[in-house]
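The structure appears below as structure tokens.
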Amino acid sequence: MDTNMVNAGEMNGSGNLMDFLDEPFPDVGTYEDFHTIDWLREKSRDTDRHRKITSKSKESIWEFIKSLLDAWSGWVVMLLIGLLAGTLAGVIDLAVDWMTDLKEGVCLSAFWYSHEQCCWTSNETTFDDRDKCPQWQKWSELLVNQSEGASAYILNYFLYIMWALCFAFLAVSLVRVFAPYACGSGIPEIKTILSGFIIRGYLGKWTLLIKTVTLVLVVSSGLSLGKEGPLVHVACCCGNFFSSLFSKYSKNEGKRREVLSAAAAAGVSVAFGAPIGGVLFSLEEVSYYFPLKTLWRSFFAALVAAFTLRSINPFGNSRLVLFYVEYHTPWYMAELFPFILLGVFGGLWGTLFIRCNIAWCRRRKTTRLGKYPVLEVIAITAITAIIAYPNPYTRRSTSELISELFNDCGALESSQLCDYINDPNMTRPVDDIPDRPAGPGVYTAMWQLALALVFKIVITIFTFGMKIPSGLFIPSMAVGAMAGRMVGIGVEQLAYHHHDWIIFRNWCRPGADCVTPGLYAMVGAAACLGGVTRMTVSLVVIMFELTGGLEYIVPLMAAAVTSKWVADAFGKEGIYEAHIHLNGYPFLDVKDEFTHRTLATDVMRPRRGEAPLSVLTQDSMTVEDVETLIKETDYNGFPVVVSKDSERLIGFAQRRELILAIKNARQRQDGVVSNSIVYFTEDPPELPPNSPHPLKLRRILNLSPFTVTDHTPMETVVDIFRKLGLRQCLVTRSGRLLGIITKKDVLRHMAQMANQDPESIMFN
């Protein structure tokens, strides 16, 4: 530090050496809970920090090493996030597998084995009964030594419900007592946090621990929800934890959000086993600010996370996902018609789900129902378990159901869906089975799937949004996969029985395998997921990474685009944006367009008839005046003007930093009292000899606040708020301050223009 500068400060009479420090006092630059960060300011602070490190690195070897460590800290954080996210995902997958099977029975040789693992280790398992082995016993066999009959069925049914209720009750109790933020999907809040909003504790250590444990419990309970969305929240909690270990990220909210964007990519990477899809999901769906550097780091974090999960191998198939399939049949142009129909179904289902779910969540918020979250979870779990058990397609875990629906019917399949009538004269290779007439098992499966589809559609509406971790990817995919499989079997049987029709003649010769029902299930799953979330590019990439079906990109694209078009015709909002608006979070969606012809003067405060704007003057207010202004208002900051008469703008002071600066000055500086003059100028004013010590606060003043004129179109103002991430913008005319526009004002104006309730925007 230059000694002359310090002496000059003392000679000016400021007596405030802290003006020249980099960190004038603790907590400067931090934000209040439920407030939006100032992106421009965070960017500027990081640039200053980087410039300082670069200049210091030339001074000594040690400073040069420190600069290298600073440069590499981002990659180290990504490595740690990938390792922890991959490990947690692997543990969750293994635990869910075991606890889901625990509802039906137990392994005698080792109780911690799932059904599949138990029979793997058995020497007495036959090929025909490969899912049966003496070591695995259903509860009825263990307790009353009966495997068949009404009493055995009723006992197993009862214990299935009891286990489900036990898991759900434990999950909702843990969330309620230890980590209220661990409920829900987490993606709406992650999107809002990445746009610059502060929700303290949402990405905390307790939330990470409780969400991981309760995620296992709720998925195992058999509720209609998935673990994929919550895994993004878990990965972001990991990102928040590791970024707090490095001052580069812990002291800069803008830089921290770059880490969280990459963590979201790692979360999707381990949720679906789709590293590239994870990066695209973060880019397309959750991130607000995504520079090229973050793209590379997201790619690295997703890679490490996927590698870690692959090393754990939770599914025992050397794949990253449970439902990896390989189809041997190409698709034909005529099949685009049913694929597009599935896209239409996906769009309609997405619209229906969003409207019904938001209506139910709004009812939960505004009625007494919201006061009994534990009772609601228990009731929905009981209904789900009672209805799900009799149907084999709803009794098993949703991931296993999707896996079976995606599967191609080979010679070794024992599923009811593969109960076709075989031709005894067939002499073809095993892996090239031609189309055959459906057997009784297929027709039974079609009825059960139809019932399961209706049940899944209804129960998911009531499940999503309860006070437990609940993801939406897997239930949406299950709805689409069931509809798709039924359409696929229908097309297959139509082609078999009417192969002489002109539409089938070119590509469906007798004895050929021309329709793959599993492909229709895959396309249906993509369509329904797209209809609910409005994903497009990332959805197609996730689906082909998920299934390995690289040559089926065109059907997936056709279904995803159709689904989005149909859903967008009824409303532009996806489920996550709808929940953001339901909760009143200040989220300016980049995808929304503002086309109304209003001006900044129509939106700014104060309006006509309102009290004048609360301002600070540069050199005529006392400490007591400033403290009174802070006490009497709840604004986030105050414009600083030359004087009340001229109202020529000087800068903008944040409320939090004013409070901290005055508190700190009173504690540490002698002579600062209530009638000390506060000044924001470079040089102190001439004061009478006996006047109290002045307080110089130029250091906390933003000398370049963003301003627009009163005739700036709101279309431009909205664009500025979106692209620069502003908290507020000052409105001037010829250099004179007229008013202020905050992010909340912009959002409320947009809601008003869209004929929505502007009061639904609660936070700034």
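Backbone N, Cα and C atoms are what each Cβ position is placed from, and that goes for glycine too.
Whatever TrEMBL says is automated annotation, not expert-curated.
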According to TrEMBL, which stretch among 199-219, 556-576 corresponds to the feature transmembrane segment?
199-219
Are there residues at least 6 beyond the ends of the transmembrane segment (472-491) whose Cβ is under 8 Å from a Cβ of it, and what are they?
185, 224-229, 271-272, 335, 338, 341-342, 345-346, 349-350, 353, 393, 398-399, 401-402, 405-406, 417, 438, 442, 446, 449-450, 452-453, 456-457, 460, 463-464, 515-529, 531-533, 575
Considering only the recorded stretches 157-179, 199-219, 231-247, 519-544, state which has the highest number of Cβ pairs under 8 Å to the transmembrane segment (72-96).
231-247
Which residues of the same chain, at least 6 past either end of the transmembrane segment (519-544), have a Cβ under 8 Å from a Cβ in it?
268, 272, 274, 276-278, 280-281, 283-285, 325, 327, 329, 331, 338-339, 342-343, 345-351, 353-354, 402, 405-406, 472-473, 476-485, 487-488, 491, 550, 552-553, 555-557, 559-564, 566-568, 572-576
Let me check one thing: do the transmembrane segment (157-179) and the transmembrane segment (372-389) come into contact, meaning three or more Cβ pairs under 8 Å with sequence separation of at least 6?
yes
Looking only at the domain 'CBS' (604-668), report the model's average pLDDT.
87
Just to be sure I understand, if DSSP states are collapsed into helix, strand and coil, how many residues of the domain 'CBS' (604-668) fall in each?
24 helix, 17 strand, 24 coil
